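Scroll down for the structure; my scribbles are underneath it.
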Protein chains: 2
Amino acid sequence: MKVVKFGGSSVANADQIHKITNIIESDPSRKVIVVSAPGKRYKEDTKITDLLINLGELIEQNQSSEDIYGQISDRFQSMIAELGLSGDVWSKIKDKIDGSIDLIKQGDKQGIDALKSCGEDGSALLVSAYLQHKGTPASYVNPKEAGIVVRDQPGGAIVLEESFEKLFELRSREETLVIPGFFGFTPEGKLVTFSRGGSDITGSIVAAGLKAELYENFTDVDSVYCVNPMIVENPKQLTSLTYREMRELSYAGFSVFHDEALIPAFKEKIPVCIKNTNNPSAPGTMIVAELPEREGHVVGIASDTGFLNLYVSKYLMNREIGFGRRLLQILEDEGVSFEHAPSGIDDMSVVLRENQLPKKKEEVVVQRIKDELKVDMVMIEREMAMIMIVGEGMNQTVGIASNAARAFREAGVNIEMINQGSSEVSMMFGVKSHNLSTAVQSLYKTFFESASITKDPVHRDF
Amino acid sequence: MKVVKFGGSSVANADQIHKITNIIESDPSRKVIVVSAPGKRYKEDTKITDLLINLGELIEQNQSSEDIYGQISDRFQSMIAELGLSGDVWSKIKDKIDGSIDLIKQGDKQGIDALKSCGEDGSALLVSAYLQHKGTPASYVNPKEAGIVVRDQPGGAIVLEESFEKLFELRSREETLVIPGFFGFTPEGKLVTFSRGGSDITGSIVAAGLKAELYENFTDVDSVYCVNPMIVENPKQLTSLTYREMRELSYAGFSVFHDEALIPAFKEKIPVCIKNTNNPSAPGTMIVAELPEREGHVVGIASDTGFLNLYVSKYLMNREIGFGRRLLQILEDEGVSFEHAPSGIDDMSVVLRENQLPKKKEEVVVQRIKDELKVDMVMIEREMAMIMIVGEGMNQTVGIASNAARAFREAGVNIEMINQGSSEVSMMFGVKSHNLSTAVQSLYKTFFESASITKDPVHRDF
């Protein structure tokens, strides 16, 4: 049994919905479907979710919202008409939108999340109706019915363990099930959404709960690239990678997946396949727990900007038990999350995402460090970028660091920071943001284009 | 005015004492002298300080101590006789030894420190008497009289700020002053010793307090080597280095200096010169605040064994605000001091000195990490070694990392950890202990023997 998730571009219009039902029907094991909200049909188009968020804001502010409401209604109704479905489907979607609007008007905080979820909910209603229309037995399954129980947490819901057992019961259903992504319900029955892009999370949770043999994630690319195609033109594609590789790549800027989306699937060791709705016969990229060949190759290069370095120095810091802990305590007190904390002998750096330390908070943090830790110096360096090279076993492979360092040298880029040794599958480099592209291009050349280093570094059989 | 410190081998016998008085008399600005206890005269010899420690233990245990007492007495008396000094000098030394023994017998904890300090005290009495004997006006100055006030702390005294002002008053004295190293007095007048090797600390404190133009540290080598001569045969000598370079090199195994000895001198920006008592005309090694040429050269390679890596991993660690802080808190609670804490995304390593985590304590720490942090894995890896390459400006020099990584590769040594980015003057590498020598030899070859990288990397004018 396969769980299949379709992203926003795969349900953006009637044509796309027709395509995905063909994909579903072409493989009888594709039994449980998770859908995103309709995405952009063309570059300047607006995603349904953005329209819904906009609508919610207008209603909260008591402003005129008829225009936006009309756009949402038109998009759903034109799809329904094109697919030859009955007006019934729109009535159901409309009821949910109107119900959410009423909640907002009553000042119920749940209203905004409920309205935001109407895009995915509408997609699921549409797709299940169209499958039935084509003669494939199918049901819409609400996340509450499916058993997706979550903890309500600022910025995004967190799935609760009990969900998985409940989800497993869906295996007894005979028809094809279509579940809207992006939201779940608290044990008290309150609708809450995951963080943005949360349909990937739903898909991963459902695949884990159902112990699927495969979780297929359909998007609009043939496979995952080994490096950001905005930085390197036409880069190599990855046929396979491990969960850990994917997780590290996602962290540092790989946009295929939401950072944590795959974790529920990882935990259950469900293989994941990234495929293209517009080219379903392409093999896609497989993401699995383990790969048999582990030659210590670099399989991907991820990069991200927007970091800063908080540097402190103090004579004899290294003799002061608790110094590092107290520095991190100050950050924690101020609600600042840090990424890494490399230390020297009399100095220590803390690498943060820049958004964690707006100017106002920076002043407070710096003052507290001066006052409470009596440091000799504290300094903030912004506009840092992180580059991560990733590959199973590479940290036990002699020469990877050497090749990487040579790539930076050839690019004329100074390495501001190296963090290696904790993760077995990655090596992290800090550079000034303006050097990012040059450095990544040079690394790509070194690890993916130079035949002398390794032949065919990305294709591995499994 | 120069402050001059002589190490144990420089006061080991009458010949050596004769040599050092010649050194003192050859330069009228050598006005303040700090001396160690008489060291070894030949390889199998025992240092006076070790004899005194042994004597103290025997007395504490109420065992026969006449033999050891006799050895100490013989060494001092034969030096006195050979130098043609009066029996008066031995009476003064004997009074101090006997007084300390009485304190120990009375169960006064101060007794052990007082007895340990008799080696340096004896040296100072001897040297000052011999200078007078040769016609050079000289006085013995006790650290209490000099104003060396310290905080009594387990494992070693810490100098208090008030000392420096008091020491400055010594500038008004006209004769040559001879101060015993290794001890000071608490504000309550209790004698306490610095940590072992503490005469370097005294010298540095005295030089800082007197705002000396130069602090000369006489030992038995012509200069500081750029790498451990036990690992690389006949390595290059350093003519000059900065305080920061010296501090980082000392940390990771350079044995010329006690790790923190130079800090008081550093703070006052007193230049330090390491010289050889047995070859005083050699220029020695200058250690200064700043050097004019900063080409980003590697000036030294330090290395040390005896580290371990405590590795923890947990899914989504990186989203858990306070995780790193809580891990360090556990170590702090258990009195464990850590060196570095590199982190990945879902994992974190803490590098410690092995002596910080004996097996018993390891169990407690590991259990607490499991229980309190709910980690997926915790693992201890022992027998790690650290290698540090050091040089002002090197972290802003493109290519140093590349050369270093290539050296490891050529040696066939895997880099387990890289810590770069916090210190501006060093880059740290973790390797398995058994790879240490091979790696250091390869780094030496790369940075000090290869003409293609940089000509003459160690000689810098200033």
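Cβ atoms are placed via backbone N, Cα and C, with glycine included.
Those TrEMBL annotations? Automatic predictions, nothing curated.
If you look up TrEMBL, you'll see A:LYS5, A:PHE6, A:GLY7, A:GLY8, A:THR219, A:ASP220, A:TYR225 marked as ATP binding site. A:GLY7 (ATP binding site) falls within neither a helix nor a strand when secondary structure is assigned with DSSP, and so counts as coil.
A 10 Å cutoff on Cβ-Cβ distances gives A:THR49 (substrate binding site) a total of 24 other Cβ atoms nearby, all chains included. The substrate binding site feature in TrEMBL is assigned to A:THR49, A:GLU120.
According to DSSP, the secondary structure content of the domain 'ACT' (A:389-462) in residues is 31 helix, 13 strand, 30 coil. Annotation source TrEMBL lists domain 'ACT' at A:389-462.
Mean pLDDT across the domain 'ACT' (A:389-462) comes to 82 in this model. The record assigns A:LYS5, A:PHE6, A:GLY7, A:GLY8, A:THR219, A:ASP220, A:TYR225 to the ATP binding site, and the maximum Cα to Cα distance across that set is 20 Å. If you draw a 10 Å sphere around the CB of A:GLY8 (ATP binding site), it holds 24 other CB atoms from the protein chains shown. Each of the binding-site residues A:PHE6, A:TYR225 was scored by the other Cβ atoms within 10 Å of its Cβ; the lowest score goes to A:TYR225. Distance from the CA of A:THR49 (substrate binding site) to the CA of A:ASP220 (ATP binding site) is 18 Å.
Fewest other C-beta atoms within 10 angstroms, among the binding-site residues A:GLU120, A:ASP220, are seen around A:ASP220.
Candidate binding-site residues: A:LYS5, A:PHE6, A:GLY7, A:THR219, A:TYR225. Nearest to A:THR49 (substrate binding site) by Cα distance: A:GLY7.
Between the CA atoms of A:GLY8 (ATP binding site) and A:GLU120 (substrate binding site) there is a gap of 9 Å.
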